[in-house]
Amino acid sequence: MPELPEVETVRRGLEPALVGACFSHVHLARPDLRFPLPERFAARLTGQRVEALSRRAKYLVADLSSGEALIMHLGMSGRFDVVLPDGRQVSPGDFYLEGAGARAKHDHVSFALSNGARVTYNDVRRFGFMDLVPAAELATCRHFAGMGIEPLGNELSGEAVARLFRGRRTPLKAALLDQRLIAGLGNIYVCEALHRARLHPETPAGALADAAGRPTKAARLLAEVIRDVLTEAVAAGGSTLRDYVHTDGTKGAFQHAFRVYDREGLACTARGCRGVVRRVVQSGRSTFFCEVCQPAR
């Protein structure tokens, strides 16, 4: 599943085609994706201008001139094919490089825009979805209600980590993946951040706050490296796992900077470390870490 940096890469790739343009025609190849499409979906979009395109956690949000917001989630294999006004074809977030003929049968929603662009949503597994909600109710809609703070920007800090994790016995990795606490973090970047912070993934989350609820040095460092890892991954265009490529057809490059993720049995890359990357399973997900750099405490 694409994580925050990959979704941000898709957002940046879609922005030139969508923002400022109106939907002139919406074609639906089927009435549902993971969930049924909203009632009168095409009619509610047609003629509306896209005022802005933002990201919340792993969701894309298009603010419309009608006062509604179009929420889009890529699921496991969702992708967008874009024909720009100048005729160039790009794919801002391409996970499955199949032949064009085989891929076309998975084109489910197509948006024709007033600027001449065309945006097509393709989803092999059909785990993605789209919804329309009043923009004023985004924070309380069923997709975002109860969602945690954003890991990029000013919300995430050592103080926030201590406040969110205080008293929790949950393993640190599981707490970081809990979207009710911090929204948008996924398996890849949590493994990488924990390694940079030299924290064992099974450390009780509550250990990052002292008895008075103040952040420990580890909490401050963890907040810092989470931002660093995500910022670097966005700059690299995300991580290519299987066949992910971004807007201009090139692949994301952050996988070349992985320190532990998917490196089981390989030497730890930390300077002076002679440890080997291990893999364990936590809550059904693979966790990669170095026992030397990240000792259990």
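Placed from the backbone N, Cα and C atoms, the Cβ positions cover glycine too.
As stated in Swiss-Prot, the feature zinc finger covers range 259-295 out of the listed 148-184, 259-295.
According to Swiss-Prot, the residue from HIS106, HIS143 that belongs to the DNA site alongside ARG125, ARG168 is HIS106. Secondary structure by DSSP for the zinc finger (259-295): 0 helix, 14 strand, 23 coil. Separating the Cα atoms of HIS106 (DNA binding site) and ARG285 (active site, proton donor) is a whole-number distance of 28 Å. Among the recorded positions LYS58, ARG125, ARG168, ARG285, the ones whose Cα sits within 10 Å of the Cα of GLU3 (active site, proton donor) are LYS58.
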